[in-house]
């Protein structure tokens, strides 16, 4: 807290001026149990008081001890008034609500020997507000925030120590970020920053010890000022060192006589308008072109950076001015700087190389690792501001690396002339170099220029020795299989007898060398894949070993897990060791266990019969006394009845109880008593996620493509829970659920079993809505689950404090109020509803329902207030809860706090900004960040005190952190994040949901377990707990730069780890989480890089196969014996057998990587659920074709990453939370996935086809499945894809999609898809004022020229040249008659460029036709469409004609024709990319130019000055579009042909849909006979309902387009089948 006036004099209340003597931890908490003296907490003070106990009320004036300050009344324009929103500043006091209690902060009360009362703290806040002009509501909020922190800490330590440690954590402690910044920026050398007499940064000669002593002496009450600055900082909270600088300047000013002598209060809001005023503007720039949060923040790390900041003199406030600064820009070179990994390559030749050559070749691994380090150092030169004179260590490092490169690579050149020992010496040096580079970070070589680099980016916590050993062992990787034999035979082989008419033998004679170069690239890619393979293996080994060490295994005997569960509940969850004298442990445990079982019953997981068998019951003992009888579940020693009558087999209750029991077998921290536990907050960001499902949503289909309602789908997934729900509903409706047992058919109660009610009254319909919402991914499910914390705290408090229950005996209302008071004191729940003020009627009603159902729930939202005329609107961060009064005029709830923001807070991708604006409303010491699709359970919430104990702050030293020696007891690095497990409850909603759940399960549990142990867990997941003070003082709980920090949580975890925080992982706590399909959560960039390498391995290997196939096709291959020796009498043959063996090894290597990817999930299931479930789940994955989806998803991720790295434009896309029960049309799927996957898949299919024709081996079958999955996976996983009727209707829609959009604008058309695809390169023109924009257009900038040149010109041209060389080699040999073939270069140029020239000619003709006839055809609306249709048809005819011509020239040789087509496609693709990248300007945000081209009407299109140049631009566009349209037309038909056979198989569609959606349900239904016929999965998939007219129309459409489809397919087939008949 900031010092009050007169702080220079010693103050007996000041703990910093009078450090406390060593004092013991409060006696009552030294032991695990205690007798509570609860008078201070529960004294009979319940009365009518409903106002604040403090003085920060709406009508009270601001004052200090002398009473010199009055209310803020100023004529200054900055003055403003904020109406008091509530009577109290205390977030825990409710209006209306329970009767007030005497002390809002019980642990900080007068009878606790507090060093300073909260009235005095209030005076300090009031004084600071007057001095700096903070907002009143912000001050009230931060006062309440601070008091909750003090109350939380003082509940488990002395108040003086609580104040000291809190100040140490925020300001002056060894691990406080402000202290680290203070010394890193060398402010200890000049402590006058921000004062007018400061001439600059002066360096004083003083030792570090003296600086530390001066620091301790300078510490004073500054926490309050820091919190007030932080509370109104807005997005400046993302730049923590900038905030430290603001606070430092504010503190210097506050200490100055100028401030202390000021008598007039500063108007409210001055701090906001001057210090952090933010007029933020969104620009169409990617993250590498803008100044980001981290760029600004880094300025404040260095003294040189601070020296550039100009401070205004002669004013009370000091504000910052930025001069022109050379900001760092991001690019792909950062991968080298940040991830300069080493690797070792060791070719091992069994036959040819000599021993010295073998040692020397192996030593080249050191040269490779040195080369990577050199490239990283060069890249680092570009990002370090050399003007700061800090590049000397880089220069030294670069020179040293050059010397090392010469040592590790030089001897290889001359190794043949030197003896063996030189090769051995080279190898030894290489090993030492590689190990050194792997252990020593490159930044630490030859010193580090600045302390800031170690403070803010490399302040890693220390690891214990065992963890260090594990970390080094896991860094070990295995070498890829060498291909020394292929090198040996290919490096010395030259092709003979080849010749080209134009180039002679220059190219063809070196074809083997070209092939060898591609093989080198392939082997390099395989090496990196091999490192990932071993990474997975070691992760599994370490993680499984850890799980056994922790006792988490299904193989643990029943007796150890379940029969000992009551004892473990008592020993590990309750803090009542001394109370067993009064109450037996069984009595206490029974209350906990019965509460868990009853909660499951209320969630409809258990039936009445299950509950009766699981509850503790009171029975009459032999002596007549009442005794507790334990349920037989705890006395069953063999576990045979576990799946009998206790739980529904395979149900949610079984899973939860199993995990709860097994989790308590692990070692967990001991809990503190409830009133001593820390306060914590759950924070949930919400944007547009569903709050509560409506009745219409759950009982009606989404559209005509939906075959099942959500309610039917949920009933199928949760049949037992639905049956329990129906029975419960019938009881409420005074029906008789026992009728079911009497044999009465369920058909008599169809309304109950169909929709859950008979009477459509709100109370019954709401029950059905809630039941469905609790099983979908809704916010209501999240809120309901997280509010179990409140129930758990009340339960534990009641169980552990029987005296409290006795005190309120007979008055259940007062007892409940006392329990609620404790729950509100220890637990807060805040939802950041960014859009709350703009909710529609349904959303407002649902949000209001949440507040009424859970009054303690708090909602933070953004409120907008119109500004003055011509000015921007004002935005406010507002907090309400269920106790907030409702304004009778507006109908809205009156806010508890309403804090103006410095500008629009949503500057990034949304989620992190949404969290940031609401972070000021959290309370307590810890945060749990939860997504709006998560869940929680009562039994897990009972472990909250144990999980908070993982932060290691329950037993804090009684020494002062500022004492001369006391600070050494606070040396250990703080725990920043405690990770927990996730259970993906969406694993049972279908194949893709199970795949997502499997990935999350392995990543969130197995990988996190191993990485946390070795200190490498650099992320946090959303069930994780955070040290709120640590995170909020270091940039917040999430990173927020738009386009860069898409996984905001991962980057925040990296930030915490790099700044000295430890990240732990706990196995005994879990939260539920849902995942929509296709959304996975990856932790580290290395995994994304592996995805890229996996796809690159496919592409490079396909190219390699093509080149090897060319050699096999054209050259005579030698025959060898069983030992590999060439047989005699084969003149002119080429020994390429080792090359073919290498191909087989490569395929096996890639296949092993694929298989190993399933290893973690299988072993995780094996350990936690047993062999049977592991085999079932693995078999289900394979039977449901999940490998196909795995390849496809890898390509999607790879393409997205490469595209974003090349062109930018990465953004956060919120995923849906619903169920995928709707069929998506072929057109939509094609338009979505053609660019990312289908095009690349089809090109690789051509490569594979040529390889199959030229070098067939059975191993290629695996690649046929893998490559084909890139093309058909979107359709395979589309529900009801193989319905014949829908298939033909899809074909009709595909043809219409290909042809529409030329006469009038269409939202869905091929033209729109094509134009949107190229805007990634061209970008959009800025929108003209008053001109409408298309819905899909956005502010997309033009791609940078460097990216265009590299990716759109150089790379496609190189690819085309590569295949031109291959085709020319095939044509460089004489035919059977010895005649030299015509020039292949001319042939391929004519066939490749011919269609483009044809399209240009057709376009010119039709341009003049439309130009002259268009104005005459104004009345004919279809004129443009007809012209476009004719032109596109001619383009299609042209491309087919040229293909047939080429087919004829190749004399019907299939392999040569396929190779030629590959080459033609590569050439045309390069031409198209060059035309788009070089000759096209930005796109308009409308399609007027397209319609103008086909209609000939260019006037009145809003083109302005561009009307003259647009026809020329559109001509180039149309040349490209005509070629692309023809290709898409043919490609679409090829895909349809591939998908046709399954549609002709009877019942295949039913089988396919069942496989997708209900494979888990099939297993359930096969294992039980109790489900009635009408609930079976096959009955849930039904045809959609259509009227008679609609049925007639659909039949006619199917008839017409089936005939058309057959005709088109026949024509396409005839072009290939009738080849020889055409030559006759």
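Just so you know, glycine gets a Cβ as well, placed from its N, Cα and C.
TrEMBL does not curate its annotations; it predicts them automatically.
As annotated by TrEMBL, region 'Disordered' applies to 1-78.
Per TrEMBL, the feature compositional bias 'Polar residues' maps to 43-55.
What TrEMBL lists as domain '1,3-beta-glucan synthase component FKS1-like' is 217-314.
As annotated by TrEMBL, transmembrane segment applies to 359-382 (among others).
For 394-414 (among others), the entry in TrEMBL reads transmembrane segment.
Taken from TrEMBL, the feature transmembrane segment applies to 1092-1111 (among others).
According to TrEMBL, the feature transmembrane segment maps to 1142-1163 (among others).
Look at TrEMBL and you will find 1233-1253 (among others) tagged as transmembrane segment.
Residues or ranges marked as transmembrane segment in TrEMBL: 1259-1277 (among others).
Residues 495, 498, 500, 503, 507-508, 511, 514, 1103, 1106-1107, 1110, 1113-1114, 1206-1207, 1321, 1384-1385, 1388, 1456, 1459-1460, 1462-1463, 1466-1467, 1469-1470, 1473-1474, 1476-1478 of the same chain sit 6 or more residues outside the transmembrane segment (1347-1370) yet have a Cβ under 8 Å from a Cβ within it. According to TrEMBL, the transmembrane segment annotation covers 1347-1370 (among others).
Feature annotation from TrEMBL assigns transmembrane segment to 1390-1414 (among others). Listed as Cβ neighbours of the transmembrane segment (1390-1414) (distance under 8 Å, sequence separation of 6 or more from its ends, same chain) are residues 1423-1424, 1427, 1430-1431, 1434-1435, 1438-1439, 1442-1443, 1445-1446, 1449, 1460, 1463-1464, 1467-1468, 1471, 1493-1497, 1511, 1515, 1518-1519, 1522-1523, 1526.
Look at TrEMBL and you will find 1426-1448 (among others) tagged as transmembrane segment.
Residues or ranges marked as transmembrane segment by TrEMBL: 1454-1471 (among others).
What TrEMBL lists as transmembrane segment is 1551-1575 (among others).
Residues or ranges marked as transmembrane segment by TrEMBL: 1596-1618 (among others).
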* Two-stretch contact, the transmembrane segment (1426-1448) and the transmembrane segment (1233-1253), at least three Cβ pairs under 8 Å -> no
* Other parts of the chain folded back onto the transmembrane segment (1259-1277), taken as Cβ under 8 Å at six or more residues beyond its ends -> 991-992, 1077, 1098, 1101-1102, 1105, 1143-1144, 1147-1148, 1151, 1185, 1187-1189, 1191-1192, 1195, 1226, 1229, 1232-1233, 1237-1238, 1240-1242, 1244-1245, 1248, 1251-1252, 1535, 1538-1539, 1556
* May I ask for the residues of the chain that lie six or more residues beyond the transmembrane segment (1454-1471) and have a Cβ under 8 Å from a Cβ within it? => 1106, 1109-1110, 1113, 1243, 1246-1247, 1249-1250, 1253-1254, 1353, 1356-1357, 1359-1360, 1362-1364, 1366-1367, 1370, 1388-1389, 1391-1393, 1395-1396, 1443, 1446-1447, 1523
* Structure fact -> Mean pLDDT across the domain '1,3-beta-glucan synthase component FKS1-like' (217-314) comes out at 75
